[in-house]
Amino acid sequence: MGDYNNEKYPICALKPKAETNVLNFLQKYPEFNGKDTIIAVLDSGVDPLASGLQKIPNGDVKVIERFDCSGSGDVLMTTIVNASNDDTLIGLSGRTLKVSEFMKSNNATTEYRLGLKSLSDLYPSRIREKITADAKQKQWDEKNKKVLADISRDIAEFDGKNSNANNLSFKDKLTKENLENLTEFVNSADKKFSETKTTYDCILFKSKDGHWTAVIDINENGDLEKGAVIREYSKFHEMVKVDQYLSVSINVHDDGNVLEIVAMCSSHGTHVASIASGYHPENEDLNGVSPASKIVSLTIGDGRLGSMETGVGLVRAIIKIMELCDAGVKIDVINMSYGEHAAWSNSGRVGELMAELVNRYGVVWVASAGNHGPALSTIGTPPDIQTDVCVGVGAYVSPEMMEAEYALREKLGGNMYTWTSRDPAVDGGNGVTCCAPGAAIASVPEYTLSKAQLMNGTSMSAPHVAGSIALIISALKQLKINYTPYSIKRAIWNTSTHLKIADKFAQGSGLLNVEKLFEYLKTYQKEPENNVRFAITVGNNGNKGIHIRTGRLTKTEEFNVNVEPLMFNDKYADSNDKINFNIRLTLIPSHPWIQCGKFIDLCYTARSFIIKVDPTNLQPGVYRGCVKAYDTSSTAEKGTVFEVPITVVQPFEVDSLRFEHVPSPDTILCKPNTIIRDFVVVPNNATYGVLEMISADSKDKVGGKFLVHTMQIIDQRYCKHMETAKILPVNGEVMTLHPFKCVGGNIVEICIAKYWSNFGEVPLQYKVKFHGFKSNNAHIMHSANGIHRIDVTSLLTEECQPAISLKHSVMVLKPTDTKISTLTKRDVIPNQRQIFQNVLTYNLHLSKAQELSLHAPLFNCILYESEFESQFWMLFDTNKMLIQSGDAYSNNTFFKLDKGDYVIKLQVRHEKKELLEKANEVVMQVYFKLPSSLNLDIYKSFNNAVLAGNKKVSSFLMSSGSTKAVYVTPLLNEKITKNIIGQSSWFEGTITFVKDEMGRKVDTHAFSYIITEGPMVKKNGSSPKETKTKMEEFKEGLRNFKCDFISKLDPEDAESLYKEVVSGNAGFVGVHLSLIQNIENGSDMKNQLPSAFLKQIKDIATNLDELKTKLSKIVKLSNQVIEGINQESLLSYYGMKADNRPDAVKIKQIMEKQKTQLLEAYMKKAIAVGKLNMIRNLELETFAAENDEELDILMNEIMKFVDFNDPKYLLLPIWHAYTSQQYGRLLKYLQKLYEDKLQRDILDEILAVCDLKNWDHISALIKRVSVTANPQSYRIF
C-alpha cells in the first residue's frame, strides 16, 4: 500500500484561471475584478441561490435580472375576478381558494387575476423524475400497498368459498371480475401517479405600492395563507421555493395579462455563470473569472422542448438586452454557450438581430464554437453567422485540469480537446477567435442536490472568455479608455498565445492571454480603426473567407475580395468621423501559394482587391493561410487590422481499379490527441466506404481509443448531413472496421484522432475502400405509373441485393384557420419595431392509437438561417390539454397518441406582416409508424414484373462499372387499405442495394411511394336499386323528417307530433327513440352518470315526481322499441356464417339498423331503471343501492348482441355495477368511457367512487388529473 500523500488539492484548477493569465492579472490589478460590468447569460437559466452566485464582493446581488424568454414559464392571467363575501375565489383548477390576510391587506383593488401553471414546465425531466419518485415514496406507496393488500385478502376469501371456478354463477362471475378490476384500477393508479403532472393555481394582484404580487397554491389545497408569495425579481430580487428542490422568480408582462414564472430547464446555465463570474469569499480559488461582474439571466432554452433554444427565446433575449441598455443598465458581455449547425450562414433573421445588437449597442457577444470536431468545418451557429461579430471560443485542456478535474493518472501536455469544433466555416470564415479552458467543476442549481459538478465542452470555454472580457472592460471603464466590440475582438486575435503543438484549426489565434490583451488595448487605445469593423466578403455569395474544397486542384484561382469599413452604430455615427477616416494598409500573404497586391488605401467606403491562389504544387492535404492587412503607420507588434482567411484542400485520388486509399507512410505513430486528416475524392459511383484500422504491433492487445469522424460538405446542407462520428477501439489483434455513407464526386474528410485522454502510443495502419451502387430514378415512385424502373450502376464487382422497405405512412395537414395578430409590448424591437405572429390551426383525427412525428416542412431543420424568426407548434387534445410541442427539429421525434381528435397550433413570427402572409398555406406532415414494414416486390425484367410471379429478384452479381435495370411493382390495393393511416398521401421508407451486411447499415436511401387518389372501385354485392315509388319515397322521407324534429321541439309539440307519426306508421320503432331523446333534452335529465345523478336528486329531493314521470315514460318507450323488434330474427341473422341471398346487402342494412335501435333502447331503459331505483332509495332514506333484477336481465339481453365494453353502450354496465355496489367493475367501465370521451364529468364520477371507497390518496390523484387534463384555454406560445 502506498503512503498517504499530504499534498494540497489543486483547487485553482477546478475553475482554471492560470492558463489564460487571469490570476496574474487579478494579482496585479485587484481593482479590475469585473467591477461595474454586467454579463448576460443566454442559456438555460441561472440559479441565484447557487453557491457563488448570490453576491458580488461589495455585497450587492449578483444576478440582477432573470427572464424566461422562451415562453415556457408563461401563465395566461386574463381571468379577472373579485373575492366572494367569504373571501374565496374559484381558481381555474376548480378548487376553492381562500384569500389570505396578506392578500386582502395588500391588494390595491378588489380584483385578482387567475391562471394555471404545470410544475412540469419548470423542471428538467431528470429532476421531475426525482421529485415524483420522492413524492411517491412519501405520500403514496404505503397507502396504496395497504389498499392492494386488503383487495388481495378479499380475493383470497372469495377463492376459498368458490373453489370450482368453472361452475360460478353469473353473479359470482361478476363478483370475481369486480375484485380483479379493483386490483387493476389500483395498479393503474400507481402507474398514473408517476405520469401525472402537478398543476398550481396562480393568483396575481397589484399591491398598494404599485407592484405586482403573485401567490402560487403550491399545496394544491386552496389555502393561500400557506401559498408561495413572490414579487417581481427585477424590482425585489425575490426567489421562492415551490418545493424542496426548485426555487422560482417571477416577472409580469402586458399589464398583468401574462405572469412569467422563471425556473431553469437544465443546470447548464448556472454552471456557465459560475465559470464566468462566481464569487466565493470563503475560498477565492473557487471564484469565477470575473467575480465582481453582475449577471443577467436570459433563458433561451425551452422547457417544453427539453432545453432546446428557440427563435422566440433568442429574439426576446436580444430585445431585453436592448431595453436594459436603453434604460441605463449597460450589458457589457453576452455569453451564449448554445447553438446549432446551420445549413448556410450568409442570411437568417436571428443572425441579423444578433449582429444588430452588437453593432448598435456595443455588447461583446461570446459564443461557444461547438463540440462537433475533430473534422473540419464543424463550427456551430453562432459564432458562424452572416456578420463576423461574435467571439468564437474553442476548448483547451491543461495538465493542471487533467489532474484536478479528471483524476488522470499522469499529466499530458496542454492541448485542444479532441471534440472541439474546427475551422474553417463552410464559407471560409474564421469561427474560432481563440481558445480557453473547456472544463470546470463549478456551481449547479440547488435542485441537483449538488454543490458543484464537472462539465466540459466549449460551453465551458466560452464563459471563461466572457468573464475575461468583463475583467478587461472593467479596467477600461475605470481607466476611461474607449472600446468597441470590434477593438476587443481584434485585440484578442492579436494577443492570444499560439499553441504550436495544438491543431491550428481548433485554436483560432491561440490561447487567450488576458494580460497581453489588457496591455494591447491600453497601448493602442487611440487607433482610428478601434471604432470600425471591417466587413470582408468574398465573391458573389458574401463568403467571409476563401475555402477551396472542390476536387483535385490543377489550376490557379482568383477571388475578388471586398473590404468595407463600418463604424460602430453606423447609422448614428458622426459624419465627420466617417469623412476623416483613412487607413493605409499593406497586404501580406502568409504563404507563397497566395498572391495579392501590396497596398490598399482605405477610406470610409468599400474597396476590393484580388487574391490569387495557386494550389497546383500543393501535395494532398489541407492548407491554412491568409492575407494579413497591417497598418503602415504602425509597427508589426500592433498586429493585423484584418485578415482574409484561406483554406485549401488538395485531396487524394483513389486507385481507379481497386478504389482504395492507402496512405503513405503506411504506419503512423499515434500519441494522445494525434490527429490524422485525409481528404479523398469519392469515386463517382461510390455510395459508402469502409475504414480499416489496426495496430501495426500484432502483440498490442490494449491498443487505443480513437475518435473517427468522416464528413462531406454538401452545398446548402449542415455539416451533420453526410457524416459519421464514433469512438472506436483499435488494437493489434482484430481489424477495426468503420463503414460510412458518402456521395460520389465529392471530397470526404477521413479524420482519425487518438482521444486526448487516452494514454500510450499506437502504431496505426489504416486504409479506406469504397463500395456501392449508384441508382437513377430510385427515390420516388408514383403508384399510378404502374411498374417503376430503377437503373443501378456498380462501382466494383459486387453482389447487388435491392430491397425497398416502407416504414411510415405520411399524412399532409392543411391549415383550417390562419390568424395574423400583433404581439405584446414584450415583442417590440427598439425603436418601436413591432413583431407579429401568424398562428395556423390544423385538425388531426386518429381512429386508433398511433406513434407519430409532426413537422412543418417549410421550417424543418432551420433556425438561425431561417428568414422567419421562429417556428413553434403545440398539439392539444379536445380538452385543450397540451400533449406535445415541437420546433424546427421535431421531424425525428416520435411520440404516442391515443385515438381521438387533436388540434395543432403553429406559430410563426416576424416584424413584417407581408412575410407572414406567405406562410398562410404552410402544411404540416404527420409521419405515422407502420406496425410492420411494407416491402415492395422487385424484378429483374419488366415482363416478370407484369406477371408478378415468383421470379422476384434476390441478389445478383454486377461487374465493375456495369448498369442494370430492376423493376418495382406497385402495392396491391388490399395492402394499401390495410396499412394506410387516415388520409395519408404516401408511404416513406428506405431503399438499399448492397448485399454486404456492414454496407446495408449505412448505405440506405430515402424512398417515397405516392398513393393514387381516385374514385372507389365498386365491388360485387353492392346495394340493389330501390324499387319504391316516388310517393312511397316521399312518405318515408316525410316520416323521417318529422321523426328528426321530435327530438328538437318543445315537449308539448314533440308529444303531439309523436302521436301523429305513431298513428300513421304502425311498427315504426324509431319514433319512440326520438321522443326519448326529446325527454332527455330537459335540464333535469342531463346527468347520465350515477354519482352525478345522485347529487342532482339530493339537491331537488322535495320535487322528484316530475322526474319519476319522465323516467317511467322512457322505460315505457324503450319497451315499445324492444317489443317492436324481432330479436329471434336478429340473433338468427348474426349467427349466420354467410348470406348468399341476392338482396344480402339490403338485408344487412336493415338488420344493422334494427340492432342499433334495440341496443339503444336497452341502454336508455337501463339508465332510467337505475335512476328510478336511486330515487326510490332516496325516498326510503336507504342509500345503499340494491341490485335490481331488471338490470340483470337487461345486461344478459344486451350481451347477446354486443360486448358491453363497447364505448357506445358503457352506460348500461356502469349503472349495473353501481347498483350492484361493484365498484371495481364500475371503475373499469368509467375508465373506458373516459378514454373514449375525455370529459371532466367522468373523472368526477371516478373521484366519487374513490371517495366511497375512502381511498384518499387516489382521490387526490384524480383531482390532480382532472385539473391538468382540463385547462380552460389553449396554452399560450
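The backbone N, Cα and C atoms fix where each Cβ goes, glycine too.
TrEMBL annotations: computationally assigned, not manually curated.
According to TrEMBL:
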| type | residues | note |
| --- | --- | --- |
| DOMAIN | 34-510 | domain 'Peptidase S8/S53' |
| ACT_SITE | ASP43 | active site, charge relay system |
| ACT_SITE | HIS268 | active site, charge relay system |
| ACT_SITE | SER459 | active site, charge relay system |
| DOMAIN | 532-649 | domain 'Tripeptidyl-peptidase II first Ig-like' |
| DOMAIN | 670-760 | domain 'Tripeptidyl-peptidase II galactose-binding' |
| DOMAIN | 794-980 | domain 'Tripeptidyl peptidase II second Ig-like' |
| DOMAIN | 1022-1090 | domain 'Tripeptidyl peptidase II C-terminal' |
Checklist line | Listed in sequence order, residues with CB under 8 A of ASP43 (active site, charge relay system) and six or more positions away | finding: HIS268, GLY269, VAL272, ALA273, SER297, LEU298, THR299, ILE300, GLY301, ASN335, MET336, SER337, TYR338
Notebook entry, point to check: Relative to the domain 'Tripeptidyl-peptidase II first Ig-like' (532-649), which of 34-510, 670-760, 1022-1090 accounts for the most Cβ pairs at distances under 8 Å?
Noted result: 34-510
Margin query: Helix, strand or coil for ASP43 (active site, charge relay system)? Use DSSP.
Written below: strand
Notebook entry, point to check: In the domain 'Tripeptidyl-peptidase II first Ig-like' (532-649), how many residues does DSSP call helix, how many strand, and how many coil?
Noted result: 12 helix, 66 strand, 40 coil
Item checked: Cβ contacts of SER459 (active site, charge relay system) (under 8 Å, same chain, 6 or more positions away) -> HIS268, VAL272, SER337, TYR338, SER368, ASN371
Checklist line | Most Cβ pairs under 8 Å with the domain 'Tripeptidyl-peptidase II galactose-binding' (670-760), selected from 34-510, 794-980, 1022-1090 | finding: 34-510
Notebook entry, point to check: So how many other Cβ atoms are close to HIS268 (active site, charge relay system), meaning within 10 Å of its Cβ?
Noted result: 25
